[in-house]
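In TrEMBL this protein carries:
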| type | residues | note |
| --- | --- | --- |
| DOMAIN | B:42-116 | domain 'Phosphoribosyl-AMP cyclohydrolase' |
| BINDING | B:89, B:91, B:93 | Mg(2+) binding site |
């Protein structure tokens with residue numbers, strides 16, 4: 001699958017053809033949203049192959065920056081993401097997919113959403129305390145992956161601990 | 001405002017302190033969602049100053065990659081984004097803010113959301129046709145900005161037309 005090139009600003013921003021723009025690492029960010037609840041589940045990255053596979057198969061594929069390879073979401077955990085719709089932003093450098101998630105969870109730490117912690121005070125905060133938005137994990141990452149979540153590569157490059 | 005450093009994997013992924021990770025360009029992606037409807041409005045980028053200003057003021061600030069400067073959303077159009085909550089993802093390299101938008105629109109092209117076009121056929125598509133999700137623009141970018149939207153710098157680097 002070969003994507004169409006980025007052409008004029010008008011065609012990109014107001015045209016009716018997908019012309020995705022990948023960054024200097026050949027990646028485009030993808031926001032993944034639960035199609036029914038509207039909950040944002042994760043922000044992943046796709047290279048052209050991952051975006052093509054997502055469109056071809058209807059299952060979300062990403063590019064794992066830590067493992068540096070194509071990543072079919074759910075291949076280890078069984079928590080596949082079925083794409084209901086794929087949406088592009090104005091300048092076509094960000095993708096939004098609305099998905100139905102097998103098992104209802106998307107975060108490798110075990111929560112429904114990767115966005116499970118909120119700044120306790122949204123303004124004028126100097127303490128940076130976070131509150132947890134989900135009372136408990138949806139699944140046990142140890143059982144799902146067969147090892148501790150913290151030993152897993154995540155969607156981003158790991159920080160040395 | 002000085003952010004806390006990224007420390008151990010456990011503190012980053014399961015801890016109760018904000019420890020944002022900025023990329024090699026000193027930026028972190030920010031998903032902006034309408035707090036009431038759940039609609040994803042845009043994907044912007046924040047440098048440490050923009051994230052700090054957002055937290056300090058309760059109004060969304062981004063870093064404009066095209067203009068290479070701090071960008072208080074709404075400073076030109078009056079369409080300010082009031083932050084209701086600020087949420088961080090598991091590995092703390094992506095931010096989600098839920099906002100109330102003055103004027104109800106966030107996209108410089110004139111639409112409510114920057115994500116206003118959807119792939120017509122979500123799977124097995126080879127045509128890449130897009131359908132428009134919003135029947136009409138919420139505001140006239142020429143009036144809001146005093147010039148054609150397509151002549152404006154957007155949140156990303158422009159492609160030469």
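Placed from the backbone N, Cα and C atoms, the Cβ positions cover glycine too.
Those TrEMBL annotations? Automatic predictions, nothing curated.
Recorded features from TrEMBL, shown on the structure.
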{"residue": "B:89", "record": "Mg(2+) binding site", "Cβ within 10 Å": "28"}
{"residue": "B:91", "record": "Mg(2+) binding site", "Cβ within 10 Å": "22"}
{"residue": "B:93", "record": "Mg(2+) binding site", "Cβ within 10 Å": "22"}
The domain 'Phosphoribosyl-AMP cyclohydrolase' (B:42-116), counted residue by residue under DSSP: helix, strand, coil | 13 helix, 29 strand, 33 coil
Here the mean pLDDT of the domain 'Phosphoribosyl-AMP cyclohydrolase' (B:42-116) is 93
